[in-house]
Amino acid sequence: MGWLRSLTRFWAIASKEIKQLARDRLTLAMIIGVPLLEITLFGYAINTDVRQLEAAVADQANTTASRELVRSAEATQVIRVIETVAGPVELKRQLDAGRIDVGIFIPPDFERRLQDLERPAAQLLINGSDPIIANIARQLVRLPAPFTAADRSPAVLEARNYYNPEERTEVQIVPGLIGVILNLTMVLFTAIAIVRERERGNLELLIATPVQRGELILGKIFPYIIIGMIQMNIILFVGTWLFDVPLRGSIWDLYVAAAFFVIATLALGITISTMAKTQFQAMQLTVFTFLPSILLSGFMFPFEGMPEPAQYIGEVLPLTHFVRLTRGIVLRGSELNQLLPELFALTAFSVVMVTIAILRFRKRLD
Amino acid sequence: MSSSDIAIKADNLTRRFGPITAVDGLSLSIEKAQVYGFLGPNGSGKSTAIRMLCGLLKPTAGTVSVLGFELPEQADAVRSRIGYMTQEFSLYEDMTVLENLRFLSTIYALPRQQRRERVEQALETYDLRDLQHQFSGTMSGGQRQRLALAAATLHQPELLILDEPTSGVDPQSRRDFWDRLFDLVGHGTTVLLSTHYLDEAERCHQLAILNEGQLVAEGAPAELMNTLDAQVVEIDTSEALKVRHELSQHDQVQSVAQLGTRLHALLDNDIDDPVAEVTRWLKDCDDDIEVSAVSANLEDVFVAATENRQQLEPET
């Protein structure tokens, strides 16, 4: 009988929460609006494919080969030549003034240098103050190689890109973005959940009833699992439709992975909720956990490139494991049983967090 | 009186918040099936005491047993046997009357059939039938109070604890509210409530006057009025300000409270003829003065109990 009562009370809390959510238009709008807005913004704005850098050319050779070099540099769309100048001094001046990011200097003896494999034939002047621009522009250095023999095909160096041959950033971003968006909204919603009842005075009544801590906390989490899955569908739909992201693995695997992740983030949120005194504090704490999640999860920067301590922190964050899961399922077509360690990590995180939340939550006002 | 007739027993109950002692060595015992009132000014520790008696706050020192269960250890057993009405309205404002009642009946884990019956019964008893589909946030103070009481009694608790249940409620609703409380008491429920209305305090079977966290007087209201350690004179005057000032010069005057054009002065018992004495004191203040001896009312009791510590501040 005891467990039946528990189930009854759990369901009372959960259905009350759903009823309130359905009436809260702002929150309802956020459930749909936040993922839509974020995926559109992130998808378009986080774009590390730099294109159309403004460039100037000083072509002192002015031969067929030199003009060919400029044309093919432009053909990459990495640069867009906006100006032709006399020599390296003018290029430098334009760089200094910030009017161009890239300058191409072709010396008068370009043809002769081309034959000489020991010496570079032309020079690339790069605005190194922006690391991403510098990185991208430096790729142009590979350009001259094919021109030693213009008709030679395939090229001397062939690069092959797996999983994202078009090198479109959206494809890499969207799977991780599912996690980032869920992370933000799920933690925030639940972080506010208990604090709101405290602020509105409902909690004082509720804790004077026989409702148990676990019933209250699990009942509060439950509706958001559904919301999390709705949000994931929105992101997935927009991702495939707007950004043409392929789903190479099974969608059911993705759902399972998302469910594990949603529970982990909700557990984190509810733990925050037991610590914060006001809704404002709950939001601050949410941001406090959100930033490391974005920065250290491998979503923004390659995980392997981070210093070891940062990797340890990253391993603790649910987003890290979910980014690995989604990238695996969506881009590489992995199956869940190849990614079990990530699921275990998420489960462990959830269990620890819910336990902390239940232990921290006292049915008292002090 | 056997221990099974006692609903609440507190012994030396103390609660400190940092440097502030909100409740200081409170000892009391509350009999079953009566209305027990906490009377005290704001900040006297009424709410803190009530919260400790519900198990919502842990005492810094002292012991509480409620319905035979020790707090805070057996708080869960107590919670299903008490109904608690918070000072602020604490039901869900974005849910209707019916939804709130159904929610709480489920939280109390009543059997399904009983849940429906009790909610129906509550709608009837507390005149909420016509309001059942109204959001509780849009209701008046009196309507909210009825809903809160309905919600607190859904599970038919043995003990009802009400923290200033009638603040912000019109007089008619307050009267109805008290009728309902006495109905419940008639069915064997024990009621503990706090108030700062004297007329309400007078309706309680037993009254405890709290001041600055301490119990300064306890007993039935009539008994408190009869055994007041002071004589009361009523002074009818048009020069109230002057009279008050004059009276405050005398050490034998414990306090003076004004009721319209009349003043109530509490005098030490060692004055033999208080009317003559006061008339003599006031002969220079007002020619047209009337002094008479009256029996103490509850306000006099309250003033005497609370003003021993805060000298001659006008009571609000």
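Placed from the backbone N, Cα and C atoms, the Cβ positions cover glycine too.
Note that this is a predicted model, so its numbers are computed, not measured.
Copied from TrEMBL, the annotated features are:
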| type | residues | note |
| --- | --- | --- |
| DOMAIN | A:137-364 | domain 'ABC transmembrane type-2' |
| TRANSMEM | A:26-46 | transmembrane segment |
| TRANSMEM | A:173-195 | transmembrane segment |
| TRANSMEM | A:221-242 | transmembrane segment |
| TRANSMEM | A:254-273 | transmembrane segment |
| TRANSMEM | A:285-303 | transmembrane segment |
| TRANSMEM | A:343-361 | transmembrane segment |
Report task. Using a Cβ-Cβ cut-off of under 8 Å, list the residues of the same chain that are 6+ residues beyond the ends of the transmembrane segment (A:254-273) and lie near it. Result -> 178-179, 182-183, 186-195, 217, 220-221, 224-225, 228-229, 232, 236, 247, 282, 285-286, 289, 318-319, 321-322, 325-326, 329-330, 336, 339, 342-343, 346-347, 349-350, 353-354, 356-357, 360
Report summary line: Per the Cβ under 8 Å criterion, with at least 6 residues separating them from its ends, the transmembrane segment (A:221-242) contacts 10, 14, 17-18, 21, 31-32, 34-36, 39-40, 43, 170, 174-175, 177-178, 181-182, 185-186, 189-190, 193, 251, 254-255, 258-259, 262-263, 265-267, 269-270, 354
Query raised in the report: Taking residues 6+ outside the transmembrane segment (A:285-303), which of them lie with a CB under 8 Å of any CB in it?
Result: 176-177, 179-180, 183-184, 187-188, 191, 268-269, 272, 275-276, 310-311, 313-314, 317-320, 322-324
Query raised in the report: Who are the long-range neighbours of the transmembrane segment (A:26-46) in its own chain, taking Cβ under 8 Å and residues 6 or more past its ends?
Result: 169-170, 173-174, 177, 180-181, 184-185, 189, 227, 230-231, 234-235, 238-239, 242-243
Query - Outside the transmembrane segment (A:173-195), six or more residues from its ends: residues with CB under 8 Å to it - result: 17, 27, 30-31, 34-35, 38-39, 42-43, 46, 203, 216-217, 220-221, 224, 227-228, 231-232, 235-236, 239, 243, 245, 258, 261-262, 265-266, 268-270, 272-274, 276-279, 281-283, 285-286, 289-290, 293-294, 297-299, 318-319, 322-323, 326-327, 329-331, 361
